[in-house]
Amino acid sequence: MAKLILLRHGQSLWNAANKFTGWVDVPLSEQGRAEATIASCKLKNNKYHVDICFTSMLFRAMETAVICLTECDEICGGKTPIIKHDATDEDWHGWDKYEGNPEEELPLYTCAALDERYYGALQGLNKTQTAEKYGKEKVHEWRRSFSVPPPGGESLEDTMKRALPFFQNRIITHLKHGDNVLVAAHGNSLRAIIMSLDNLSPEEVTQLELATGVPIIYDFDESGEATNKIILK
Ligand SMILES: O=C(O)[C@@H](CO)OP(=O)(O)O
């Protein structure tokens, strides 16, 4: 039975400042790094192992993945995590032209499909002040509805259209082969994936909130179906 470990990044400096973040590349706060460390210890204490990791292109997700895989490195089974950047990017300089050794190395792929929703004109604004300006209900609709986008940004539905095909094509393939997969990503890209895994309706997904740094673990059978879910609180 393969394990899928979904991990929202630890608290970022803009989560702490209560600012809309989206694609702005803000690093983790001290608390966020501690949350990633605690996630690593929980995985170790519950005897989870990781074979392959996917993160978004945003540093807070990569930082969370690297802390999680290296603080209690037993979860990598003695392997070294190696970050595999997107070699299809035309600006990519090909530093890592290296075939690799799967016996010794654990690949960590960075993928734009897993990035946070694009928050458009709201990026950088304080969430409380924005609710005071536009009204709590409107801002809640922008933040949590399925199909209403924030001004100039992506709705959850838009985020799902890029995150879910990647999940189905790349990540489920590994789970079907029996690999344990860590996905370190964002509140909204993970909400889109969980909406599909848990068969949530557009109404139900408005209630779905993910805590920073808390592993959510699904068992997957060989046909690529999720059979069980636990949250390592
Ligand atoms: O600001 C953001 O990018 C996200 C996640 O922190 O905010 P929200 O809680 O509105 O999804």
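All residue numbers here begin at 1 and follow the chain in the order shown.
Backbone N, Cα and C define each Cβ position, glycine as well.
Per TrEMBL, these features apply:
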| type | residues | note |
| --- | --- | --- |
| BINDING | 8-15, 21-22, Arg60, 116-119, Lys127, 143-144, 187-188 | substrate binding site |
| ACT_SITE | His9 | active site, tele-phosphohistidine intermediate |
| ACT_SITE | Glu116 | active site, proton donor/acceptor |
| SITE | His186 | site 'Transition state stabilizer' |
Which listed residue (His9, Lys127) has most other Cβ within 10 Å, given these are recorded positions:
His9
When you measure from the Cβ of Arg117 (substrate binding site), how many other Cβ atoms are you left with inside 10 Å?
28
Pull out the recorded positions from the set Arg8, His9, Gly22, Glu116, Lys127 whose C-alpha sits within 10 Å of the C-alpha of His186 (site 'Transition state stabilizer').
Arg8, His9, Gly22, Glu116
Binding-site residues (Gly22, Gly187), the one with most neighbouring Cβ atoms at 10 Å:
Gly22
List, in residue order, those recorded positions out of Gly22, Glu116, Arg117, Lys127, Gly187 with a Cβ under 6 Å from any atom belonging to ligand 1.
Gly22, Glu116, Gly187
To the nearest Å, how far is the Cα of Gly187 (substrate binding site) from the Cα of the residue listed as 'active site, tele-phosphohistidine intermediate'?
8
Could you round the CA separation between Arg117 (substrate binding site) and the residue listed as 'active site, tele-phosphohistidine intermediate' to a whole angstrom and send it over?
14
When the Cα-Cα distance from Glu116 (active site, proton donor/acceptor) is computed for each of the recorded positions Arg8, His9, Gln11, Trp14, Gly22, which gives the smallest value?
Gly22
Check Arg8 (substrate binding site) against DSSP and tell me helix, strand or coil, would you?
strand
